[in-house]
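Heads up, the thing below is written out as structure tokens.
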């Protein structure tokens, strides 16, 4: 990949944390990109670890329209699982691949503004871009920020933010190219076949038909929002697929392109 000024924002799902080989492969790809002058910013979820920790503490996981409901009593556990354990597992994999990384959250460096998204969801946040100084400094050093989706309101209250939405906001903030990586190769049609490209109308139709639902609906809508805001396609792809990672490292299109 040729050196360019655009930041590649990689959003990784929680399932990656349970696949050591997948993490190693992804970090090796990121290391090669960084060595080639590409700035890389990683944003992560950690839903599976959150679910485990909640269950261990006798609490249940509740979701509303694909988004995690976060009661106040669950916030310390969710913050620990995301900003703590998940973040450090990824940082460990990055270190192993020779990447200098900075573990951070949305609360760091005055990076975003946060507010309650919807009272029905509890302490779930909605964030908007605020100040890119901190991120741009880290990236300018050739380091890779690894950002969890825990944000903070002005009164110090922690909020849990959907990681796809967090990645969208950070991509907007740094003017980056967004790739949403999950454990599926992209958006699949009703027959399980990969859809190479989608626009807003096609997405709305597939949501209405129930083909795109729950977590993938949140993911695709976040991708569409950033595609429209930045006037460029956003990719939904898989960290499981080695060929997609190789193509990604070369700057090629992978998975499903969400068109503005």
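Just so it is clear, glycine is given a Cβ too, placed from its N, Cα and C backbone atoms.
From a predicted model like this one, the values you see are computed outputs, not experimental measurements.
Straight from Swiss-Prot, the features:
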SITE      11  site 'Transition state stabilizer'
BINDING   46, 47, 68, 160  substrate binding site
SITE      219  site 'Transition state stabilizer'
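Everything Swiss-Prot records as a feature, shown here on the structure.
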residue : record                             : Cβ contacts under 8 Å, 6 or more apart
11      : site 'Transition state stabilizer' : 42, 43, 44, 45, 163, 164, 166, 167, 178, 179, 180, 181
46      : substrate binding site             : 14, 17, 81, 82, 85, 86, 148, 163
47      : substrate binding site             : 13, 14, 68
160     : substrate binding site             : 68, 70, 75, 78, 79, 82, 123, 124, 125, 149, 150
219     : site 'Transition state stabilizer' : 164, 180, 182, 236
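The substrate site, placed at the center of the C-beta atoms of 46, 47, 68, 160, has further neighbours from the same chain whose C-beta lies within 8 angstroms: 14, 45, 50, 78, 81, 82, 149, 162, 163.
The Cβ neighbour count for residue 68 (substrate binding site), using a 10 Å radius over every protein chain in view, is 20. Residue 11 (site 'Transition state stabilizer') falls within a strand when secondary structure is assigned with DSSP.
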